[in-house]
Structure formats: structure tokens, C-alpha cells
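Here the structure is laid out as C-alpha cells; the discussion comes afterwards.
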Amino acid sequence: MGIRPIALIIAGLAAAGTAWAQDSDEMNIEGLEIVTETEAPEHLENLRTIYSGWRFRTDETQSLQLDDFENPAFVFIDQALDAFDEAGANGNACSTCHENGPEEFAGFTAAMPKVMDGKLTTTEDFLNGHRAETQGEEPWKWSSQDMQQMVALIGLQSRGMPVDVAIDGEAAPYWELGKEMYYTRYGQLELSCANCHEDNYGMMIRADHLSQGQTNGFPTYRLKQAKLISRHNRFRGCIRDTRAETFAEGSDEFRALELYVASRANGLSVETPAVRQ
Ligand code: HEC
Ligand code: HEC
């Protein structure tokens with residue numbers, strides 16, 4: 001199938017078949033410049049420019065992200081800050097060891113996921129392992145608010161830094177698997193991630209203005225769900241929309257996909273926590 005029939009499927013799903021590009025708004029959060037448009041990383045064969053999903057949102061949604069007092073995700077960031085000081089099962093709080101606060105983690109998220117101890121590791125994986133080791137705690141569920149608000153608090157420390165995940169060396173086989181998934185057509189609609197987010201970004205699909213499907217703002221606060229959404233939850237939703245069976249949150253498949261999708265944003269700023277429709 002070429003581009004044309006795919007565009008027809010999308011137009012068929014859409015309330016209106018109009019297409020318009022990303023807007024030209026610039027993002028500046030309290031003096032911090034956020035790069036929402038830049039040259040695509042070299043490994044991306046089919047795109048010349050990459051854009052943050054923010055550029056495809058309405059003015060009202062965009063404005064919520066420009067002011068941390070307006071950004072509803074900060075309620076959860078505050079909860080994570082409280083959790084940072086709470087003693088775990090063995091009496092240790094995060095702050096017992098990380099005395100300088102979460103600011104110590106600047107740059108961590110920009111390079112995640114990455115291979116640690118021979119295994120592709122997301123921030124969720126890292127936190128569950130680290131909490132068991134240092135606090136004697138049980139794992140958090142992947143998309144629980146306890147987990148996602150801590151992932152967001154850690155991500156916030158990299159806000160404004162360029163996404164820079166490694167795709168070579170030990171990461172290469174995972175990256176290849178993720179890339180293969182990105183171009184695989186799923187479901188009754190036989191649509192791949194690329195069919196929507198590479199071939200047709202800028203189009204309307206139902207009420208949504210299709211972006212490039214970047215993850216540099218995750219976890220994002222979704223207005224529709226009124227909570228923080230994990231990357232894997234978003235992947236699930238997108239695959240489900242093609243009327244396919246989907247992979248589980250925290251599955252090896254989604255880890256690999258997370259790495260590949262993150263690498264498509266190499267060069268854009270980390271925006272965590274973003275606000276989306
Ligand atoms: C018993 C001490 C201890 C406790 C408790 C602890 N950590 Fe750590 N943490 C460390 C050590 C040691 C390292 C590795 C050295 C470093 O990077 O600071 C580390 C590393 C990290 C890193 C990676 C930093 C990087 O740049 O590689 C993150 C993120 C992190 N911890 C978050 C947390 C969070 C969140 C909590 C609470 C849920 C927590 N830690 C609890 C000791 C602890
Ligand atoms: C049928 C079209 C379609 C397919 C196929 C699809 N998505 Fe999406 N996706 C959407 C729509 C619509 C949205 C919400 C609007 C937007 O941000 O593009 C979205 C949003 C996203 C977002 C959030 C972007 C942001 O800035 O918050 C990510 C990430 C994403 N998709 C990844 C994927 C991945 C990975 C795949 C393949 C597993 C995929 N999508 C497949 C339609 C699709």
C-alpha cells in the first residue's frame with residue numbers, strides 16, 4: 001500500500017480531512033528556552049525536521065504548559081516531592097541518600113532508556129530495582145500515579161536538555177527491534193506507527209491533530225484523563241486504536257519501542273511534564 005490509500009484510511013477516520021502543519025509558536029517556560037523543532041537525527045531516513053507534539057496542540061492546551069502554576073501536572077510533581085522525603089520499609093527515604101534533592105538527577109532522563117547491567121532499562125525499571133535495593137520496597141505498578149509522578153519529578157530535572165539516547169553498542173539490538181515494531185502494521189486497520197506519525201502528521205484524525213508521536217514530554221498530563229500518562233500507556237492506546245491486540249506495559253517489546261521512539265526525538269528538548277489533550 002502506498003501513501004495514498006493510507007491517507008484515505010485516515011481521512012475516512014477523520015471528522016474533517018483537512019491537514020495543516022504544526023504551528024510556529026515558540027516555547028519558553030519562565031525564561032527556559034525549549035527546543036520544539038530541530039533537524040532530524042541522522043538515523044531518521046524519512047523526516048528532515050522533528051517537532052514536539054506541543055506544536056500541534058491548541059493555544060489553550062499549549063498555554064497550560066508555559067506556566068508551572070497553570071500546568072496541572074505539578075500537583076503530581078508536588079506529591080512526588082513529598083514521597084521523596086518519606087521513609088521506605090527499611091527507614092531510608094530518597095532524601096536520606098540524595099541530600100541535594102532530585103536536582104541531583106539532572107540529565108538522567110535525557111539519556112533514558114539505556115542499557116544498565118546488560119539490560120535495556122527504563123526509568124520505571126530503574127526505580128523499582130533501586131527502591132528494592134535501597135529502601136526494601138515493593139515495586140510500583142508501571143502506570144500507577146506513585147510511579148509516574150516520580151518518573152515525572154526525575155524527568156523535570158532534565159527539562160530543556162536535548163534528548164540524547166544511545167542507539168549503538170549494547171543498545172543496538174534493542175533499537176533495531178523497536179524500529180521494526182515502529183514500521184509494523186498492526187490491527188484490522190493495518191496501520192503502523194509510521195503510517196500515522198511519519199506519513200500523516202499534520203492531518204486530522206477524528207478530533208485530533210496528528211503529531212509526530214514524540215515522547216520527549218512524558219510522562220504527560222492528559223486533560224482527557226486528568227492524570228499523568230506513561231509512555232507505555234500511550235503506546236497501548238495507539239495500538240488499540242488500530243483495533244489490534246496490544247503488548248503489556250512493561251513488556252520487553254514496549255521497552256524496545258520506547259528506546260526507538262525516544263531516539264526519534266534526539267535533539268528536541270526534554271519537556272517533562274508536558275500537557276496534552
Ligand atoms: C540508601 C541510599 C539511597 C536511597 C535510599 C536512594 N538512593 Fe538513589 N542512588 C543512590 C546511589 C548510591 C546512587 C548511585 C550514585 C549516584 O548517581 O548518586 C543512586 C542513584 C540514583 C539515580 C540515578 C542517578 C544518575 O544520574 O545515574 C536516581 C534517579 C535515583 N538514585 C533516584 C532515587 C529515588 C527517586 C529514591 C527514592 C525512591 C532513591 N534514589 C533512593 C542511593 C540511594
Ligand atoms: C491511527 C493513527 C495512529 C497510529 C497507528 C499510532 N498513533 Fe500515536 N497517536 C495518534 C493520535 C491521534 C495521537 C494524539 C495526537 C498526537 O499527539 O499525535 C497520538 C499520540 C501519540 C503520542 C503522544 C505524543 C505527544 O506529544 O504527547 C505518542 C508518543 C504516540 N502517539 C506514539 C505512537 C506509537 C509508538 C505508535 C505505534 C505503536 C503509534 N503512536 C501509532 C494516532 C496514532
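Placement of Cβ uses the backbone N, Cα and C atoms for every residue, glycine included.
Note: TrEMBL annotation is automatic and uncurated.
Residues annotated as active site, cysteine persulfide intermediate in TrEMBL: CYS238. When secondary structure is read from DSSP and collapsed to three states, CYS238 (active site, cysteine persulfide intermediate) falls in the helix class.
The heme c 1 binding site annotation in TrEMBL covers CYS94, CYS97, HIS98. HIS98 (heme c 1 binding site) is surrounded by 14 other CB atoms, counting those within 10 A of its CB over all protein chains shown.
Marked as heme c 2 binding site by TrEMBL: CYS193, CYS196, HIS197, CYS238. Neighbours of HIS197 (heme c 2 binding site), defined as other CB atoms within 10 A of its CB across all chains, total 20.
The annotation substrate binding site is assigned in TrEMBL to ARG234.
Across the domain 'Cytochrome c' (82-163), the DSSP tally of helix, strand and coil residues reads 39 helix, 7 strand, 36 coil. Residues or ranges marked as domain 'Cytochrome c' in TrEMBL: 82-163.
Residues annotated as signal peptide in TrEMBL: 1-21.
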Checking the recorded positions CYS97, CYS193, CYS196, CYS238 for other Cβ atoms within 10 Å of each Cβ, the smallest tally belongs to CYS97
Taking all protein chains shown into account, the Cβ-based neighbour count within 10 Å for ARG234 (substrate binding site) is 19
What does the structure give for the C-alpha distance between HIS197 (heme c 2 binding site) and CYS94 (heme c 1 binding site)? Integer Å is fine.
38
Which recorded positions from the set CYS193, CYS196, HIS197, ARG234, CYS238 have a C-beta atom lying less than 6 Å away from ligand 1?
none
Please check the binding-site residues CYS94, CYS97, HIS98, CYS193, CYS196 against ligand 2 and give me the ones with CB under 6 A, sequence order.
CYS193, CYS196
With CYS97 (heme c 1 binding site) as the reference Cα, tell me which of the recorded positions CYS193, CYS196, ARG234, CYS238 is the closest one.
ARG234
